[in-house]
Amino acid sequence: MQRVNLSTVSEFVFVGLSDAPEIRLLLFVLFLLIYLATVAGNTTLLVAISTDSHLHSPMYFFLSNLSLLDLLCPTITVPSMLAALLLENREISFAGCLFQHFSLIAVVGTEIFLLTVMAYDRYVAVCHPLRYPSIVSAKLCARLAVGTWAAGLLNSLLHTSLVFTLSFCGPNKIQQYYCDIPPVLALSCSSARSRELVVLVVAGVLGSSACAVTVVSYVYILLEILPRSSPGIWHKAFSTCGSHLTVVCLFYGTTICTYVRPSFTYSPQRDRVVSMLYGMLTPLLNPIIYSLRNKEVKCALRRVISRVRSAL
């Protein structure tokens, strides 16, 4: 990897959504409310899982990790966007941009691996219910969780080093409200094709592998329940897997549209909308999806709310 001078551009400027002054205040209020709702929903879910003994199982252990990731994802990007909308503070230092980029890609990568682990957990729960406690033990859960976070961090380290060791010596306006791969690559004044190819290959291999494991897990689940004609079996399987399958489809749809494509297809206006779907709406919807489709979670949330009311 060639050495380049990283001091040419000392800061970047977000264009993002702050270039529409007539609706800036409206957007600020809207996104602030979405962010607060996201924080409240995921925090409540984390509290319910950690304090309710009925939810101390591998499925909810992984769900608590997902809620933590859904707290981190908008926290990395939304505050800078709100500052740009309200205060017109659109500048970010080179180091700040690098850190934001690293943190975001780490969260995205970790969530990909975590959803894959959750698919395996659902496979064991449906296909091997009697052996589930012995297969998905507390020790295995801890190892899988540590592995997903470590893999996400290493993946982010690779992507960040590939992107931020390019030379930036020309325009410094990022056509986005946070430091993401496509708009940052578009600002490089050196050839980024080889590194972009590496980014696409690594993302493609990791993403397709995780997706393959998820698909295979659900194929086995389907093959397990197809021979059974009892409606109760289908209902139980759907209640066990429905929430996770919905979250997987939502996550992969927005992530693939954002990252798994070449830079010449980059469109600032369209990508801002797609990025908001991933960065804001997905973390907001995940706890709602799990709460609405899971009786145990709903009961635990009612107990948490009743305890809060009693304390107040």
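Including glycine, each Cβ sits where the backbone N, Cα and C put it.
The transmembrane segment feature in TrEMBL is assigned to 25-48, 60-86, 98-120, 140-158, 197-221, 233-253, 273-292. Here TrEMBL flags 41-290 as domain 'G-protein coupled receptors family 1 profile'.
Of the Cβ pairs linking the transmembrane segment (197-221) with the transmembrane segment (60-86) and spaced 6 or more residues apart, fewer than 3 are under 8 Å, so the two regions do not touch. Regional average pLDDT for the domain 'G-protein coupled receptors family 1 profile' (41-290) in the model is 83.
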